[in-house]
Every structure is written in C-alpha cells, then in structure tokens.
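Student: Input: one structure, supplied below.
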Amino acid sequence: MPSAFQFQCHFVLIFLAASKGETRYLEVRDASEDEPFLLLSEDLKRELSAGQIYRRSLRCIDMLSIEGQFTFTSDQPQLHCATFFIGEPEELITIDYDFVNIDCQGGDFLKVFDGWILKGEKFPSSLDHPLSTSQRYIDFCESGNIQRSIRSSQNVAMIFFRIHQPGNGFTITVKKNTNLFPCNVISQTPSGRFTMVIPHQHRNCSFSIIYPVVIKISDLILGHLNGLFLKKPSAGCAGVGDFVELLGGTGLDPSKMFPLADLCHSFHGSAQMKIGCDNTVLRMVSSGKHINRVTFEYHQLDLQEAENRKENSIEEFCFPSI
C-alpha cells in the first residue's frame with residue numbers, strides 16, 4: 001500500500017504515462033469530467049510545436065507541466081488553492097502575471113513559492129536553496145506591479161492563492177527557460193538518466209525521485225587529487241567537502257531524510273543500489289574547489305526486485321513501505 005506521502009505526491013505529479021512510459025506532457029480535464037487527468041493528444045502537441053499558445057482554465061488544485069496561458073476565475077469562495085509547476089530537469093519556470101483581480105484588503109492572496117512545499121516540508125530544502133525561506137515567497141499583495149514576472153531556481157515552483165469573491169481571479173503565462181547547470185530537480189517520471197555537474201560552485205544539489213527505485217551510478221568525478229580519497233569505512237564523508245550521498249524517507253525535504261550511503265571518491269564503473277523508501281534523493285555536496293560530476297540512471301523498484309535483496313541493497317528499513 002502506498003503511504004499518504006506517496007499518494008499526495010503522485011496526485012500532484014500526475015505520474016501517468018502511455019503504455020511504453022514515454023509520454024511526458026500531462027494536463028487536467030475540465031472539472032465536469034469524470035476522470036481528472038488525461039494525456040495531451042498528438043494533435044494538441046503538433047499545435048503547440050507550431051508555436052500556438054495553449055490556454056485553459058485552472059482548477060483550485062492543479063498541476064502544470066507545459067507552457068501556456070492559464071486563468072482562474074472563482075465561482076465560489078476558494079480558500080485553500082495551489083498550482084504546482086514542473087519542468088524537465090534542465091528547465092527553469094517563469095510565471096508572468098497578465099491580469100490579477102483579487103481583494104488583498106479583504107483577505108485574498110496570491111503567492112509564488114520558489115520550489116514545492118507539502119505539509120511544511122520543502123523542496124529544495126533550506127540547506128540546498130540559495131534564498132532564505134521568507135525570500136522564496138513572492139506575495140502579489142505586497143509586491144503588486146513591482147514584480148510581475150518571477151523565475152524559479154529549479155524545475156519546480158508553485159502558487160498559493162485564496163479568493164473570497166466569486167468572479168475574481170487572475171491570468172498567468174507560464175514559460176520554460178533553459179538551465180545550463182541543473183541543480184535541484186524533482187523527476188517527473190519513475191525512470192530516467194541524468195548527469196549532474198557542479199562547476200566550481202559552493203552549493204548542494206539534490207535530485208528527488210518520489211518512488212522506491214533501483215539507482216545505478218555509472219560515473220562519479222569529485223575532483224580529488226588523483227581521483228581518489230581514502231577514508232575509514234565508518235568515518236562517512238561529512239569532513240571531505242565534496243561527496244555524494246543517497247537519502248531515503250517518507251517526506252519531501254531532503255534534510256529530514258535518512259542518510260543511506262556516502263560516496264566520497266571518484267570512480268568509473270557501476271554502483272547499483274536498491275532503495276525501497278517512498279522518496280529517494282541523490283544529493284551532491286560541493287565545496288566549490290572542483291568541478292564535480294555524477295551520472296546515474298534509475299527505474300522504479302518492483303516487488304520482485306525488492307524481495308531479491310542482494311549485497312548492494314540499501315538499509316532494509318526502507319522496504320516495508322513498498
């Protein structure tokens with residue numbers, strides 16, 4: 001049985017796929033339809049690739065993975081609404097306010113959050129984001145016309161809004177921008193391949209996969225002298241300055257997850273691990289003294305793989321949630 005966290009995140013991420021698991025773009029049906037989600041049709045994809053702007057209404061709780069113009073108009077008091085935005089790992093998200101008609105004095109609000117937040121847990125965590133938590137919130141009622149265009153620091157962002165008066169609402173335009181060095185990422189899919197590069201920057205980067213997974217690291221370069229840093233097996237990598245750690249847990253915030261494995265020496269080859277936690281995070285810590293790079297691939301851990309636990313499997317406390 002999936003945990004409550006997985007149910008919430010799977011609902012938000014809308015991890016639906018075609019039979020081969022290759023479809024990326026997902027949208028929400030009108031509220032009157034029975035099934036809440038559908039895949040974008042091939043005709044619509046062709047229209048979008050031809051340069052046309054995609055437009056539709058927003059629901060109170062919604063998720064967007066595509067560019068376009070989106071409008072929310074309240075038909076009744078809506079007090080707890082949110083829209084989650086997600087792009088490809090190498091994309092940043094820009095949200096432009098085209099039209100806003102809300103009553104800030106009457107208790108309405110419209111806020112952008114740089115990242116995702118669920119039940120008080122944030123991604124990226126406060127340890128991995130360049131801004132303080134308060135700076136990650138942009139409140140329209142405070143900034144007004146001063147800041148009508150907001151860009152995320154990673155491939156996810158969200159808006160919170162509360163609207164009391166029917167007929168009030170807003171229109172936004174969502175755009176994607178290329179990020180040459182993706183850092184913090186939430187994966188749209190339960191399988192994939194990714195290379196994370198931190199070029200002489202003192203920062204921490206996390207790649208989050210909200211599934212139990214098999215993860216295979218095929219290449220790790222940490223910039224240590226001669227490509228090797230020796231350590232005692234029980235010492236961990238915390239004092240090294242440049243290392244990769246694997247984390248697992250049941251929430252969204254990497255800083256609140258269990259440390260499962262540390263890698264603090266470069267290697268070329270293959271290191272495969274099974275992680276049965278609801279959420280798996282590969283996190284690179286960089287001192288800024290080197291160009292650090294890690295390449296890995298992952299796929300969802302099925303029950304048969306979980307039962308066949310070999311020497312390279314991760315701590316077994318992760319497995320009961322599968």
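Cβ coordinates are placed from backbone N, Cα and C, and glycine is handled just like the others.
Got these off TrEMBL a minute ago, pasting:
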- CYS60-CYS81: disulfide bond (DISULFID)
- CYS104-CYS141: disulfide bond (DISULFID)
- CYS183-CYS205: disulfide bond (DISULFID)
- CYS237-CYS264: disulfide bond (DISULFID)
- CYS277-CYS318: disulfide bond (DISULFID)
- 52-177: domain 'Corticotropin-releasing factor binding protein N-terminal' (DOMAIN)
- 185-306: domain 'Corticotropin-releasing factor binding protein C-terminal' (DOMAIN)
- 1-21: signal peptide (SIGNAL)
Student: Measure from the Cα of CYS141 (disulfide bond) to the Cα of every one of the disulfide-bonded residues CYS60, CYS183, CYS205, then give the nearest.
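Tutor: Closest candidate to CYS141 (disulfide bond), judged by Cα separation, is CYS60.
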Student: Please list, for the domain 'Corticotropin-releasing factor binding protein N-terminal' (52-177), how many residues fall into helix, strand and coil according to DSSP.
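Tutor: Secondary-structure composition of the domain 'Corticotropin-releasing factor binding protein N-terminal' (52-177): 10 helix, 67 strand, 49 coil.
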Student: Here are the disulfide-bonded residues: CYS104, CYS205, CYS237, CYS277. Which has the lowest count of other Cβ atoms within 10 Å?
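Tutor: Counting other Cβ atoms within 10 Å of each of the disulfide-bonded residues CYS104, CYS205, CYS237, CYS277, the minimum falls on CYS104.
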Student: How many Å separate the Cα atoms of CYS237 (disulfide bond) and CYS81 (disulfide bond)?
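Tutor: Just about 41 Å between their Cα atoms.
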Student: For CYS183 (disulfide bond), what residues in its own chain, 6 or more apart in sequence, show a Cβ-Cβ distance under 8 Å?
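Tutor: Result: ASP128, SER153, GLN154, MET196, ILE198, ARG203, CYS205.
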Student: Could you check which of these disulfide-bonded residues, CYS104, CYS264, CYS277, sit within 10 Å of CYS81 (disulfide bond), going Cα to Cα?
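Tutor: Close disulfide-bonded residues: none.
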Student: With Cβ-Cβ distance below 8 Å and at least 6 positions apart along the chain, what are the contacts of CYS60 (disulfide bond)? List them in sequence order.
Tutor: PHE72, GLN78, HIS80, CYS81
Student: Minimum Cβ neighbour count within 10 Å among the disulfide-bonded residues CYS81, CYS141, CYS264: which residue?
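Tutor: Each of the disulfide-bonded residues CYS81, CYS141, CYS264 was scored by Cβ atoms within 10 Å; lowest is CYS141.
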Student: When the domain 'Corticotropin-releasing factor binding protein C-terminal' (185-306) is classified with DSSP, how many of its residues are helical, how many are strand and how many are coil?
Tutor: 10 helix, 64 strand, 48 coil
Student: I'm trying to understand the geometry here, so how far is the Cα atom of CYS264 (disulfide bond) from the Cα atom of CYS277 (disulfide bond), in Å to the nearest whole number?
Tutor: 23
